[in-house]
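This report refers to the structure that appears directly beneath it.
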Amino acid sequence: MGLWKSSPFLAFSILVLCQAGGLQAAPFRSALEGLPDPTALSEKEGRLLLAALVKAYVQRKNELEQEQEQETEGSSITAQKRSCNTATCVTHRLAGLLSRSGGVVKNNFVPTNVGSEAFGRRRRDLRA
């Protein structure tokens with residue numbers, strides 16, 4: 001997977017090396033000076049190689065995206081309630097637990113004032 005993330009860099013590097021090979025001011029002289037260099041690519045061959053690399057990269061990227069979509073469609077994602085630990089939320093959860101519990105506690109249970117306006121900010125009287 002890491003190879004495909006670096007493929008654009010790899011393709012660009014190959015292109016730069018091909019172009020830089022043709023622009024050398026002082027070419028490397030070897031013992032086989034009379035023979036053509038088998039590693040040198042013509043401009044047309046370089047473009048074909050680059051096009052093939054880009055095409056292979058795009059195909060592989062599309063395949064990976066399709067695999068990821070299929071994995072996410074097949075997985076069962078369950079919704080979970082967000083956890084809240086403020087005093088209001090804890091009080092509300094305790095009140096709910098007490099109201100669901102049976103026995104003596106239920107008979108003597110007096111509901112508490114819980115909710116968004118129970119603690120903290122309260123509505124002001126507009127008459128004053």
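The backbone N, Cα and C atoms fix where each Cβ goes, glycine too.
Quick caveat, the model's predicted, so the values are computed rather than measured.
The compositional bias 'Polar residues' annotation in Swiss-Prot covers 74-83.
Look at Swiss-Prot and you will find CYS84-CYS89 tagged as disulfide bond. Taking a C-beta cut-off of under 8 Å and a sequence gap of six or more, CYS89 (disulfide bond) has no contacts in its own chain. Look at CYS89 (disulfide bond): DSSP puts it in a helix.
Per Swiss-Prot, the feature phenylalanine amide maps to PHE119.
According to Swiss-Prot, the region 'Disordered' annotation covers 63-83.
The signal peptide annotation in Swiss-Prot covers 1-25.
Cβ contacts within 10 Å of CYS84 (disulfide bond), excluding its own Cβ and spanning all protein chains shown: 10.
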